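Q: Below are the features I grabbed from TrEMBL:
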TRANSMEM  35-55  transmembrane segment
TRANSMEM  67-88  transmembrane segment
TRANSMEM  108-130  transmembrane segment
TRANSMEM  142-162  transmembrane segment
TRANSMEM  187-208  transmembrane segment
TRANSMEM  229-249  transmembrane segment
TRANSMEM  269-291  transmembrane segment
Amino acid sequence: MSNLSVDLVLNTPLSNSSSAVPSISDTIAARANHVYSFLAGLGFMAGCFLLYSFIQTYRAQRRLAWLDCLLWVFCVLQLLLLLLSLHAVAYRPDYLITTGLGCAALSFAINTASLCSLLVLVLMAYVLTLDPPSHALLRKPRVCAALVILTSILISLLLAGLHGPRGGLQEQCDCFMDTVLAGASYAAARLCLALLIPYILQLGLVIGGCVRQWKSKGRFLSGSEEGPVFLTVTLVVFFCQLFYSVALVRGAQLTQQAQPEEQWLREKAFLSVAEFVLFSGSSASLLLVLFMHRPCRESLHGACRQLRDCCRSPGRSQPNRNIIAPHIEITDTLQDIES
């Protein structure tokens with residue numbers, strides 16, 4: 001099948017076909033949308049509560065630890081990715097129809113936010129390995145923020161150049177976050193730049209931290225509140241990113257082969273599921289931070305207790321809270337006076 005035929009199949013709405021295969025693909029994409037909508041709702045509520053918890057902690061202490069700052073920034077980026085994923089929730093099993101320029105801007109924003117979150121995890125691994133960081137510049141939040149944002153923008157611009165515009169910038173088209181028609185070179189570059197390189201850096205830092213602490217007979221990831229949270233979150237995000245990247249590479253390779261139309265329709269539904277898996281990593285990360293990070297978990301317990309107290313019926317009998325103050329009377333005896 002030629003690339004023109006593949007383009008026509010991928011841009012054809014699944015619901016417009018009367019065959020059985022598009023109906024099955026439509027059903028798969030719709031069910032994946034329902035499941036992700038539920039997870040995204042939970043993740044959004046968890047993210048909002050995490051922001052509230054961090055703000056309350058900052059107001060109480062007037063400062064946040066370096067690892068807490070990185071964790072806070074990571075949660076903000078994951079919440080941003082959830083908001084950017086609303087285009088998939090609103091239009092699946094179909095796709096968002098916009099201009100080529102708008103679709104390129106959406107893909108650029110998603111890649112930049114995803115890369116920023118991965119580089120923040122790299123900084124967390126660096127701080128956990130070298131606490132405090134040995135380099136003076138990496139102790140300054142503004143320098144770290146500028147480094148993360150600049151690196152993410154440069155990589156996203158490189159990926160946007162490899163992706164290229166599909167048709168005219170002002171022409172209406174179905175918006176794919178990452179289309180398989182960009183070719184295997186784009187899919188491989190995204191796999192390396194947006195996944196493998198950040199996680200190779202994390203793995204190297206984690207191994208270096210384990211070796212360092214093993215020589216000093218100390219504890220590495222289990223020695224702080226953020227260590228187990230970092231390890232769990234980074235594994236969840238890694239598997240979600242890996243699943244999506246492998247699905248994109250597989251779809252790009254299939255475009256170079258002659259495949260029947262039914263295969264392309266199934267592949268289109270599979271890519272929709274892969275996108276939802278990618279965004280599910282953000283929702284799962286926010287939920288894991290909420291339940292694993294001790295200060296956030298304690299804040300959640302406190303909020304639940306306050307809500308339970310507020311929801312009690314006003315007419316419900318309350319336990320007797322009258323406290324009788326003890327009355328102590330001191331009298332001087334004759335022996336005390338004489339002494």
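Keep in mind that glycine also has a Cβ here, set from the backbone N, Cα and C atoms.
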Q: Is it the case that the transmembrane segment (187-208) and the transmembrane segment (108-130) touch, counting contact as three or more CB pairs under 8 Å in which the residues of each pair are 6 or more positions apart?
A: yes
Q: Residues sitting near the transmembrane segment (269-291): Cβ under 8 Å, six or more positions beyond its termini, same chain?
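A: Residues 14, 24-26, 28-29, 32-33, 35-36, 39-40, 42-44, 46-47, 49-50, 71, 74-75, 78-79, 81-82, 85, 88, 92-93, 177, 180, 229, 232-233, 236-237, 239-241, 243-244, 247-248, 251, 297, 300 contact the transmembrane segment (269-291) from elsewhere in the chain.
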